[in-house]
């Protein structure tokens, strides 16, 4: 029996390193893979292999990201590390690498720097739920009081952006010494302490299947003698024949009942997150439903027209605009399956936004869309993507 327990798949958790340039994010990433591989299995990735991050495309935006993995006693971690600051901004806004928690790396010698602040703010805006801190380069600081001071500054910064600064685990260490196999407190043991902090401070993520049902409408068909079938990919939750659902967005919310679930032309009892399914709806007419709406568990999501967003504007090289835009800019916002026109209100003191910038804005849509905080969208002009964003806060 003991053997079966050992074979059990470990819980999968997504994390990533954030923090100022040259504070040691990539060195720490390498140390995590090395010590993880030695203790719990997995593969060591050297600094150079991580630093040469391949480019990938997310929503038409090129982002350099390194993906590594390592294990703890109880979890399997998938970890992202980005070489440049711009890559972080793009990664977090597009949600290319969704994080269940982040490791904020801050040099003990330098303390919090501008990107330290910006990455914490971005984490708050895009909904990274938990942050654990690694105060790196502790071997370069002899003065214990100085370390304490830096730790206090980091805690204040976290609290300022609504993270629990006082309760956040902060581990002092040296990623470089740990990589060299140093056994002093700030070497290998510090990395093990960090992994333990990840295990305990970042709660188990809720799987998509366990969340309330939601399916964006991709297509609507009328099948004579049977009624209306709506197709799409189930984003979260489970849907069973006989369940009551709501149709939300664009127009007034309607209630209906699912009388059939189909996949690959076969009738099923239920569909779940990740499935491409067709749902047969009772008493619903072909014209009652359109692309851009969502089917959902009643009361689980509401339609909104006004929200605060964090937006990245594509540079000219990425195929974005060649010129800045100004207040009153009215592009299309592509949510899930459809474009909806909206007007942009820029922050006070911001006259224009240049290609390649990231900016906070308030958007007012001409039609309501079913949304929660954390929903990603693209900004388009005539079908061409010119930006990417995330709903930071719903206004109304």
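Every residue, even glycine, has its Cβ placed from backbone N, Cα and C.
Here is what Swiss-Prot says about this protein:
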- 10-206: domain 'tr-type G' (DOMAIN)
- 19-26: region 'G1' (REGION)
- 19-26, 81-85, 136-139: GTP binding site (BINDING)
- 26: Mg(2+) binding site (BINDING)
- 60-64: region 'G2' (REGION)
- 81-84: region 'G3' (REGION)
- 136-139: region 'G4' (REGION)
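Overlay of Swiss-Prot annotations on the structure.
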residue: 19; record: GTP binding site; CB count, 10 Å: 26
residue: 22; record: GTP binding site; CB count, 10 Å: 13
residue: 25; record: GTP binding site; CB count, 10 Å: 27
residue: 26; record: Mg(2+) binding site; CB count, 10 Å: 23
residue: 82; record: GTP binding site; CB count, 10 Å: 24
residue: 85; record: GTP binding site; CB count, 10 Å: 14
residue: 138; record: GTP binding site; CB count, 10 Å: 23
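Most Cβ pairs under 8 Å to the region 'G4' (136-139), among the stretches 19-26, 60-64, 81-84, belong to 19-26. Rounded to the nearest whole angstrom, the C-alpha distance between residue 26 (Mg(2+) binding site) and residue 82 (GTP binding site) is 8. Under DSSP, residues within the region 'G1' (19-26) fall into helix, strand and coil as 2 helix, 0 strand, 6 coil. Sequence-distant contacts of the region 'G2' (60-64) (same chain, six or more residues past either end, CB-CB distance under 8 Å): 53-54, 82-84, 87, 90-91, 94, 96, 312, 314, 318-319, 378, 385, 388. In the three-state DSSP reading, residue 85 (GTP binding site) counts as helix. Counted with DSSP, the region 'G4' (136-139) comes out as 2 helix, 1 strand, 1 coil.
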